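According to TrEMBL, the features are:
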type    : residues                           : note
DOMAIN  : 2-27                               : domain 'RNase L inhibitor RLI-like possible metal-binding'
BINDING : Thr18, Ile61, Leu83, Tyr98, Ser102 : S-adenosyl-L-methionine binding site
DOMAIN  : 37-152                             : domain '16S/18S rRNA aminocarboxypropyltransferase Tsr3 C-terminal'
Amino acid sequence: MMRILVLDLAQDDPKKCTGKRMIRMGRAERTLRPRGLVLNPISNFVLGPQDRSSFDTITVIDSSWNKSDSGFFSKFFSSSRRLPILLAGNPVNYAKPYKLSSLEATAAALFILGEREQALEILTLVKWGHTFLELNNELLERYASSSDVVEEEKRIMIDVFGLEV
């Protein structure tokens, strides 16, 4: 089981904020300083199963997609990883690639790192958690079993999304 930390920037509606929900439900702790693996949507490094041996803590930066800027995230490059392409299951950004909520990003990271039970437990905290899993289960399985997530992501972008890489 991995420790989950939330760096809450207080940019979202507190009732809808999935980072706050993980804290309220006892699945994460609030932090003022990122530790361990930092989930960072602009990192040059992609999270893969090989990262499990290097980290025992995940920090998710809980911010609004509409209010965040790359300048803020650029401060967290030393131990940061971005997630490979996944689709949001949340009602705000449904089926949009990469636009995951903090809860979805945390669950995806846990899944890829081999902590499936903890990931599934996190997804039960929201009504639409099953939707995220239905949209991404095959992709998550592929990433979790891949020795080269960057290459796997390229194959998925071509095979699943029909994108040229």
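Just so it is clear, glycine is given a Cβ too, placed from its N, Cα and C backbone atoms.
Caution: TrEMBL annotation is automatic and unverified by curators.
Per-residue pLDDT, averaged across the domain 'RNase L inhibitor RLI-like possible metal-binding' (2-27), gives 90. Cβ neighbour count for Ile61 (S-adenosyl-L-methionine binding site): 24 (other Cβ atoms within 10 Å of its Cβ, all protein chains included). Compute the center of the Cβ atoms of Thr18, Ile61, Leu83, Tyr98, Ser102, which mark the site for S-adenosyl-L-methionine; besides them, the chain residues with Cβ within 8 Å of that center are Leu39, Pro41, Val60, Asp62, Leu100, Ser101, Leu103, Glu104, Ala105, Thr106. Cβ-based neighbour count (10 Å, all protein chains) for Tyr98 (S-adenosyl-L-methionine binding site) stands at 15. Here the domain 'RNase L inhibitor RLI-like possible metal-binding' (2-27) has Cβ contacts under 8 Å with residues 33-36, 55-64, 67-68, 90, 92, 101-104, 106, 110, 113, 115, 118, 121-122, 125-126 of the same chain, all six or more residues outside its ends.
Classification of Ile61 (S-adenosyl-L-methionine binding site) by DSSP places it within a strand. Taken over all pairs of the listed S-adenosyl-L-methionine-binding residues (Thr18, Ile61, Leu83, Tyr98, Ser102), the Cα spread reaches a maximum of 17 Å, rounded to the nearest whole number. Helix first, then strand, then coil: DSSP counts for the domain '16S/18S rRNA aminocarboxypropyltransferase Tsr3 C-terminal' (37-152) stand at 51 helix, 15 strand, 50 coil. Taking all protein chains in view, 25 other C-beta atoms sit within 10 angstroms of the C-beta of Ser102 (S-adenosyl-L-methionine binding site).
Helix, strand and coil residue tallies for the domain 'RNase L inhibitor RLI-like possible metal-binding' (2-27), in that order: 7 helix, 6 strand, 13 coil [DSSP].
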